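J.: Below you will find the structure I want to go over with you.
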């Protein structure tokens with residue numbers, strides 16, 4: 001028979017304090033048994049849905065907390081992040097803000113083992129929300145880096161930032177800067193080819209050849225949680241949902257061949273080619289997921305436009321990042337920007353077009369730029385809608 005959630009909650013509320021106490025026991029056998037029991041309960045769906053265990057574990061630790069108890073709590077929190085991922089649900093106890101506050105409190109604990117685990121927790125959270133983690137820590141300067149712990153932590157952050165920058169640069173290799181004669185409303189294929197380097201043509205061809213793989217990968221990601229260990233919500237590695245017979249595989253291959261799509265907006269190639277001379281023309285002029293940099297005319301994804309202005313753009317030195325809203329702002333306009341700046345909400349991205357906060361959810365950028373209530377400043381989507389109407393007529 002099914003146990004009522006209220007009954008489960010009452011049982012967990014009675015058991016958890018006792019188990020937490022035992023998790024700090026000096027006997028290693030009792031300690032490990034208590035930790036194992038808590039984590040096993042947390043993995044149970046009926047208990048997990050109540051969020052009781054993560055909420056209790058992720059409360060900040062004080063300097064007076066017993067080292068063994070503080071260490072057990074920190075290790076369990078780390079394991080919950082690995083097993084369940086960082087959540088956007090504010091009641092889950094596993095949000096970026098809650099975990100960064102917990103990790104920050106652990107850094108001040110006198111026990112070195114507790115500080116080390118807290119450092120690893122902050123690194124996991126930093127991969128998802130770097131701004132929020134840095135907000136919990138002292139400023140990253142020479143004085144702070146004299147502290148060995150902070151120096152090691154900021155070094156890890158630097159490595160993550162460098163990796164993120166490399167990923168952005170690699171992603172934007174597909175969309176290189178083009179000369180003015182390529183910016184006509186509908187450039188023909190010959191003109192675009194003149195504007196593309198040999199490397200770019202190679203990249204585009206490779207992407208178009210392998211676009212089905214990217215599409216399958218994007219479809220395999222699901223759930224509300226942001227996973228940091230490459231697993232899906234059930235804890236198993238992200239993979240195809242099943243194994244098809246050879247005949248099914250051939251049918252699927254034929255379907256995928258017939259339904260080639262833009263790797264950015266997922267529009268069918270057949271629909272795109274009915275209103276554009278080529279897929280390249282679609283990228284340059286009309287893909288609603290892309291935008292042209294107003295400084296250097298390079299075409300980039302809207303989701304990475306802020307990073308482009310701060311890092312890759314040839315005029316990046318003219319821009320600085322606002323610590324309040326995370327947008328790229330011209331240095332000359334920064335004072336005026338602060339008067340009308342909209343603070344970036346927790347677990348949100350900032351749209352560089354309309355400056356609104358976007359909740360970090362699966363397909364959030366596509367929903368914002370192409371959904372039922374699309375971004376009011378996305379002129380490319382308006383062009384896309386007009387073309388869709390013409391095609392239907």
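Cβ atoms are placed via backbone N, Cα and C, with glycine included.
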J.: Under TrEMBL, the annotation region 'Disordered' belongs to which of these stretches: 135-164, 165-194, 195-224, 225-254?
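T.: My reading of TrEMBL: the region 'Disordered' range is 225-254.
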J.: Would you mind giving the whole-number mean pLDDT across the domain 'Centrosomal protein CEP104 Zn finger' (261-370)?
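T.: Average per-residue pLDDT within the domain 'Centrosomal protein CEP104 Zn finger' (261-370): 85.
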J.: How many helix, strand and coil residues does the domain 'Centrosomal protein CEP104 Zn finger' (261-370) contain under DSSP?
T.: 44 helix, 20 strand, 46 coil
